[in-house]
Amino acid sequence: MSDKKIKAVVAGASGGIGQPLSLLLKLSPLVDELSLVDVVNTPGVAADLSHISSKATVAGFLPATGGAKAAFKDADIIVIPAGIPRKPGMTRDDLFNINAGIVKGLIQDAAEVAPNAYILVISNPVNSTVPISAEVLKNNNVFNAQRLFGVTTLDIVRAETFVSEISGQAVADLTVPVIGGHSGETIVPLFSQVTPSVTIPDDKYDALVNRVQFGGDEVVKAKDGLGSATLSMAYAGFRFAEKVLRAVKGEKGLVEPSFVYLPGVPGGAEIAEKTGCDFFSVPIELGPNGAEKAIDVLGNITEKEKKLLAACTAGLKGNIEKGVAFVKNPPAPAAPAAPAAAPAQK
Ligand code: NAD
Ligand code: LMR
């Protein structure tokens, strides 16, 4: 096992996901240095976490103290849950206008000061923020598809939980591949590929698929205007980050689905050709180089799953194009507001 010291960063560290995710990283024996950046409250979050008697040292950054550039400097892994969450009635795509710019700015900073970092993007809409990230990294000549991951682990976590509720199998034993993207119909659970195998009764199949695809809405509705999944996402984000770090340290056989640029990952080009989507989530074998192999699970899927896949790719292509276009053809800056009309003269 490598004894390389690990610097981990959370961008958006004061938020609903950022705080519990930072706590989990602070508790991890795999992290030596934890750097937290946000536009508010990081001094407080960092001071609080720094009292925990675990190994990692903690520092907090705000724009006034160097912001993301100072936080990211020479990072090994950068996890990004910065940006606004949904409220009831919103789609993830409704977050694009604000979050696209936030992610673009953070990735630009990462490209400049941490070009070799593993970058894990949580900010929604993931189907577009990951293509945005890739384009920014390409513009800086530092794009390495094996090190850029859209975090879709929450879909897998949900699928494992819901399948276990139906099948009665212990959740810890289940592996449920979920592929595609991270929004509604772009999320494709493959119950035919679950290990150990499960039989989902026909009368429960559609509802189970729907619950995995729209699990996020369940939480948004229950939080009633106060945001979206945070605690389950912090768990999922940590689970993925920890696997990346364990692989970096030399552990073998670690696999987890993630939304990656398939043509840049060994084994991915063939899958991209089959789906017609360059960015797509499939099980990824992790190693010291990051995404060492994209695993093709499309070979034996059922007719029902083929239909889910067709609906997924139809929507996903547009989400990807929107992200790429945001960087290639940036929207014109908003025109300055017209001066307020002078009060009517008497
Ligand atoms: P939140 O509003 O609680 O926290 C977001 C944080 O980002 C805030 O503290 C905010 O100050 C910070 N921020 C904003 N701009 C920033 C910038 N330029 N630099 C650094 N920090 C900045 O929101 P949340 O509930 O933590 O959700 C964050 C994002 O994660 C949302 O976009 C949400 O949709 C997404 N999300 C994704 C998944 C997934 O499965 N990938 C799951 C849940 C939530
Ligand atoms: C989720 O799946 O919970 C997240 O993407 C947040 C959301 O907006 O639903």
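Cβ from N, Cα, C; glycine included.
Counting every protein chain shown, the number of other Cβ atoms lying within 10 Å of the Cβ of HIS182 (active site, proton acceptor) is 26. The active site, proton acceptor annotation in TrEMBL covers HIS182.
Long-range Cβ proximity for ASN99 (NAD(+) binding site), meaning a same-chain Cβ under 8 A and a gap of 6 or more residues, is found for ALA82, GLY83, ILE84, SER123, ASN124, PRO125, THR129. According to DSSP, ASN99 (NAD(+) binding site) sits within a helical segment. The NAD(+) binding site annotation in TrEMBL covers GLY12, ALA13, SER14, GLY15, GLY16, ILE17, GLY18, ASP38, ASN99, ILE122, SER123, ASN124, MET233.
Neighbour density for ASN124 (substrate binding site): within 10 A of its CB lie 27 other CB atoms from the protein chains shown. Per TrEMBL, the feature substrate binding site maps to ARG86, ARG92, ASN124, ARG158.
The feature domain 'Lactate/malate dehydrogenase N-terminal' is assigned by TrEMBL to 7-150.
Marked as domain 'Lactate/malate dehydrogenase C-terminal' by TrEMBL: 152-327.
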> Counting all other Cβ atoms within 10 Å across every protein chain shown, which of the binding-site residues SER14, SER123 scores highest?
Replying inline: SER123
> ligand 2 is in the model; which of the binding-site residues GLY18, ARG86, ARG92, SER123 have a C-beta less than 6 angstroms from one of its atoms?
Replying inline: ARG86, ARG92
> Are there residues of the same chain, six or more positions away from GLY16 (NAD(+) binding site), whose CB falls under 8 angstroms from its CB, and which are they?
Replying inline: PRO85, GLY227, SER228, THR230
>> Let me make sure I understand the structure: which of the binding-site residues listed (GLY12, MET233) has the fewest other Cβ atoms within 10 A of its Cβ?
In response: MET233
> Between the binding-site residues ARG86, ARG92, ARG158, where is the Cβ count within 10 Å the lowest?
Replying inline: ARG86
>> Please give the substrate site's span as the largest CA-CA distance among ARG86, ARG92, ASN124, ARG158, to the nearest whole angstrom.
In response: 18
>> Taking only same-chain residues 6+ apart in sequence, whose CB is under 8 Å from that of GLY18 (NAD(+) binding site), what do you get?
In response: VAL10, ALA11, GLY12, LEU36, ASP38, VAL45, PRO81, ALA82
